[in-house]
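In TrEMBL this protein carries:
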- E79: active site (ACT_SITE)
- H78, H82: Zn(2+) binding site (BINDING)
- 16-165: domain 'SprT-like' (DOMAIN)
Amino acid sequence: MKFVRVPFSLQQTVMCTMRQKLTQASHFWQQNFPEPHITYQQRGTAAGSARLQDWEIHLNPILLIENQQAFIDEVIPHELAHLLAYHQFGKVAPHGKEWRFIMETIFEVTARRTHQFPVHSVRSKIFVYCCSCQQHELTIRQHNKILRGKSCYVCRQCGEKLTLL
């Protein structure tokens with residue numbers, strides 16, 4: 001992955017939002033939380049990820065730059081909610097009731113498991129496979145699993161084994 005530099009002003013906006021949400025959580029639980037470390041090294045189509053034990057949030061710099069406001073409004077609270085859920089409740093389901101509670105009650109943000117950002121700029125090479133009813137786009141990881149004999153994919157509609165086009 002080539003290195004993408006996130007503009008300093010955007011990094012400041014990310015930090016400001018994160019601090020605001022952290023303050024909301026601190027007021028709700030009447031306790032202070034440490035500021036998580038934020039990195040801009042998330043790869044692939046994931047918008048972000050939370051490293052629970054490290055108290056760290058990884059953000060996808062390309063998707064952040066391309067979808068700034070939605071990222072600020074949705075992804076920052078989403079990942080911070082993972083950290084807070086782990087801190088307050090221990091090991092729980094990633095998008096379970098505790099996480100949803102933090103998102104909707106404390107942060108007042110709609111709890112969505114996945115983003116809806118266009119991913120054409122971050123998506124890796126696609127391999128076209130087919131069955132008798134349609135074409136399927138598989139990622140390089142899925143394609144390599146097929147080549148190594150580790151996986152076999154079937155169509156959800158017709159149940160036929162997928163073959164490389």
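Residue numbering: from 1, along the chain as shown.
In case you wondered, yes, glycine gets a Cβ from its N, Cα and C as well.
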Around the Cβ of H82 (Zn(2+) binding site), other Cβ atoms found within 10 Å total 24
Count the Cβ atoms, other than its own, that fall within 10 Å of the Cβ of H78 (Zn(2+) binding site), considering every protein chain shown.
26
Among all the protein chains here, how many other CB atoms are within 10 A of the CB of E79 (active site)?
24
Checked against DSSP, the composition of the domain 'SprT-like' (16-165) is 60 helix, 25 strand, 65 coil
